[in-house]
Amino acid sequence: RGAMALPGELWAEVPAEKRIFCSVLLFSWARRVYRTTTHVPQELGQIMDSETFEKSRLYQLDKSTFSFWSGLYSEVEGTMILLCGGIPFLWNLSGQISGRAGFGPEYEIVQSLVFLLLATLFSAVTGLPWSLYNTFVIEEKHGFNQQTLGFFFKDAIKKFIVTQCILLPVTSLLLYIIKIGGDYFFIYAWLFTLVVSLVLVTIYADYIAPLFDKFIPLPEGELKQQIETMAKSIDFPLTKVYVVEGSKRSSHSNAYFYGFFKNKRIVLFDTLLEDYSALNKEPTEEDDGENEETKSKTKNKKQGCKNEEVLAVLGHELGHWKLGHTVKNIIISQMNSFLCFFLFAVLIGRKELFAAFGFYDTQPTLIGLMIIFQFIFSPYNEVLSFCLTVLSRRFEFQADAFAKELGKAKDLYSALIKLNKDNLGFPVSDWIFSMWHYSHPPLLERLQALKDAKQE
């Protein structure tokens, strides 16, 4: 084995009792705020009733517990795979399968694709119980799940197939570019991933997302006119506005925009719109069987935002575009991608890295990508993730301020409260945990920033 110790190996060398102690300690800190804050804080008294506060507290407590156990399982699974030589075993199995199909060891890319297919299949199978529990126990318990078991499995199979249809061709081309790219292969590999990411962003909402959810144009009316007027006032090149039937899947709400250059589209979840949310309506005889089955699970509750509040939320989202947040995120992402490929080019020749993972005689390119990107870069990725979280929170405040400049402070204030209530967001958080994990600022901080303008 090489002299370089990997983070996973160092963690594996720590005595089991200390690992358990550290895990429990971290867990207790993450959960402490949900357990000890059992009454509505004074500053929340005007915006949240005690019943909603208790519901959101219990929901976040359940999510925290689930996150701990699923994370612990993931760590144990990853450690066992490393200790038991799971990666070289799967690689050798992939070689046997591709060999039986007539592709010998010289067809490394074919073997890599078989390996990738088996690895993602293993991940999907081991992750299935956790996904089922999260959907049909936690989300169901707190009134968010709208899926049936049949819909869930149909969705999961479709998602796996679509993922493979994208992942396998892209990976094969990437490996081929690395193989033939010479000394500057990292530049060509980076350019290829840049093109792929831009293409996927462009086609996702038009061709991929509709495979899972139904998108319909927002009907003509007051809301559409107001959206078009607001977009025009800030020179946002809006071409279409869609409503997506998110209520078939969950009662959580969202909104986003997409597209490049002069072809921008806005997508609103029906759960965001008080006048359109299927959760606010009774099923009709005209609904198809799948919708009837889904809506039968719906709890009778009023949710969503009024038109003025929806415009305020969109004012916030369009603020991200106007202030260049989307472009800045793309630039940061691509700078990081280029750095990672450059470091990969530097490290790929180190045989001890492969030997540390059980590859003594061969150095497959795909395995090298996995070792370096997933394990060697893990400390760097943690630091980068924290920096991006801090930046994201800054962008959120700036987008709120932009909506305020549009005169939407009062409506955004009430919309944030409604969305927090609809999604059972817990408004109290430990500042250290929040700073590290939450890409959006806590509700109270955002409301305080809007409060002065709201009062005006």
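Cβ coordinates are placed from backbone N, Cα and C, and glycine is handled just like the others.
According to TrEMBL:
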type: DOMAIN; residues: 32-214; note: domain 'CAAX prenyl protease 1 N-terminal'
type: TRANSMEM; residues: 66-89; note: transmembrane segment
type: TRANSMEM; residues: 109-133; note: transmembrane segment
type: TRANSMEM; residues: 160-178; note: transmembrane segment
type: TRANSMEM; residues: 184-205; note: transmembrane segment
type: DOMAIN; residues: 217-452; note: domain 'Peptidase M48'
type: REGION; residues: 282-302; note: region 'Disordered'
type: ACT_SITE; residues: E317; note: active site
type: TRANSMEM; residues: 338-360; note: transmembrane segment
type: TRANSMEM; residues: 366-391; note: transmembrane segment
type: ACT_SITE; residues: D400; note: active site, proton donor
Close in space, distant in sequence - E317 (active site), Cβ under 8 Å, 6 or more apart: A255, Y256, F257, I266, A399
Mean per-residue pLDDT computed across the domain 'Peptidase M48' (217-452): 82
Cβ-Cβ neighbours of D400 (active site, proton donor) (radius 10 Å): 25
